[in-house]
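Structure first, commentary second.
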């Protein structure tokens, strides 16, 4: 029976506010940040879809990636942690893929169409694999036995990459899969990805507490069921609320019998770098993936060969550390910065300069990475001087870090085209404005963002709303204003469990004022 009550802690204990370190002097540090969450979860998912065991080296280990691993295990994958991969000192995960049902096959005769209705060739799945020289595994080899497998439950936590990427994978398995997550996750938008699955003849059943439940109809919790797998074809969705809707369907598309052509019907897609990342990862793994025109993506059917990949650092999570240079008038360096990346954090090199930073890159011997050095500006008295471009647009998940810098600038800053942030871990627009005001800044919401009219001036306890980026926002402010506290620093475990230790090390390793 599906549980419709929200997950509750047996005895919730209010977190102890974390005193944000205040250096009282410029920060001078070299930092290293863990691997990219966005890339880690894409690689783990694709490893679970591959035709044999794959290895993901240097993956991020955090709550979001642990939720992804556990969910993939629930769907049938097996993961093994390798603490010292080939003597390099790097950890890795060895993923044995999910044993899929008859939907997982190479396309056979007659596999064409619009993506609606049952596929008469589904029963020929085993023959199609045999013709391709691939031995069927799991439910595909067992035939009708797969339909009797027990239903499973997936805990999404507050991870958008789990709640939006795995419904399509669940449909591929042919099993009945229940999805739920944290209370905060139950209000995050899910409609477009579920509408897309319905267009592919996947049964999606919502579960609401009662008729007065004000949550969107297409939100957690819900159940996915598609005994025949997913045929694929051509569908259209409105992904204006999240690029993850697009990525979640594209990542599963290689195992759809007809592949997938996906069209976005809205005016724009936020964080389009994440779709670029998805397409590049698919192509790097040998999948035929293309975008023949704006807002249209095509992924051809076919198996994913086993692979070994190393995950690059998380550039979004590097942002708060690099911003420390501007907040304190200091210098922060980071080795291993990718010369080329699809991560949205690649924007830091331009954004930090817009707020008065001096950004330099020094090539490293590998040729694919560089050392990034950021220096903050100072005024005539040697005090930190953060400037502002006046207006910033489409900063997406980088917004809380950029807002912390803008809150230290003397002139106003307006953030535009970030309305989708209302559907992130929390309503980030409302949360940022509320906490800026708590810190003595003048700030107000706008139709598609917010404006900071006057800087933060006073200490306060910054509320975090179970949002890791609100916690790092508070930590940055605490570099410039003494006695700032962060309500719940442990929520950074979502993407960087070691954040408090790394932050203290950065501050404590810097020269102290005489």
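The count begins at 1 with the first shown residue.
Cβ atoms here come from the backbone N, Cα and C positions, even for glycine.
Features reported for this protein in TrEMBL:
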- 397: active site, proton acceptor (ACT_SITE)
- 37, 160, 188, 244, 428, 469, 494: phosphoenolpyruvate binding site (BINDING)
- 37, 38, 42, 242, 243, 244, 271, 397, 424: 3-phosphoshikimate binding site (BINDING)
- 24-82: domain 'Enolpyruvate transferase' (DOMAIN)
- 142-501: domain 'Enolpyruvate transferase' (DOMAIN)
- 88-127: region 'Disordered' (REGION)
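When the C-alpha distances from residue 42 (3-phosphoshikimate binding site) to the recorded positions 188, 244, 397, 428, 469 are tabulated, the minimum falls on 244.
In terms of Cα distance, the binding-site residues that sit within 10 Å of residue 397 (active site, proton acceptor) are 271, 424, 469, chosen from 188, 243, 244, 271, 424, 469. Its Cβ placed at the centre, residue 243 (3-phosphoshikimate binding site) has 25 other Cβ atoms within 10 Å. Secondary structure counts, DSSP: the domain 'Enolpyruvate transferase' (24-82) has 25 helix, 14 strand, 20 coil. Considering only the binding-site residues 243, 271, 424, residue 160 (phosphoenolpyruvate binding site) has 424 as its nearest partner by CA-CA distance. Across the residues annotated as binding phosphoenolpyruvate (37, 160, 188, 244, 428, 469, 494), the widest Cα-Cα separation comes to 19 Å. Proximity note: of the listed binding-site residues (37, 188, 244, 494), 188 have a CA within 10 Å of the CA of residue 424 (3-phosphoshikimate binding site), given in sequence order. Most Cβ neighbours within 10 Å, among the binding-site residues 244, 271: 244 holds that distinction in the structure as shown. For residue 469 (phosphoenolpyruvate binding site), applying a Cβ distance below 8 Å and a minimum sequence separation of six or more within one chain yields 397, 399, 400, 401, 425, 428. DSSP classifies residue 494 (phosphoenolpyruvate binding site) as helix under the three-state reduction. Taking CA atoms as the reference points, residue 494 (phosphoenolpyruvate binding site) and residue 271 (3-phosphoshikimate binding site) are 19 Å apart.
Among the binding-site residues 37, 188, 244, the ones whose Cα sits within 10 Å of the Cα of residue 271 (3-phosphoshikimate binding site) are 244. Take the binding-site residues 37, 494: by the count of other Cβ atoms within 10 Å of each Cβ, the lowest one is 494.
Taking Cβ-Cβ distances under 8 Å and a sequence gap of 6 or more within the same chain, the neighbours of residue 188 (phosphoenolpyruvate binding site) are 158, 160, 163, 219, 220, 423, 424, 425.
Under the DSSP three-state reduction, residue 469 (phosphoenolpyruvate binding site) is assigned to helix. Following the DSSP three-state reduction, the secondary structure of residue 243 (3-phosphoshikimate binding site) is coil.
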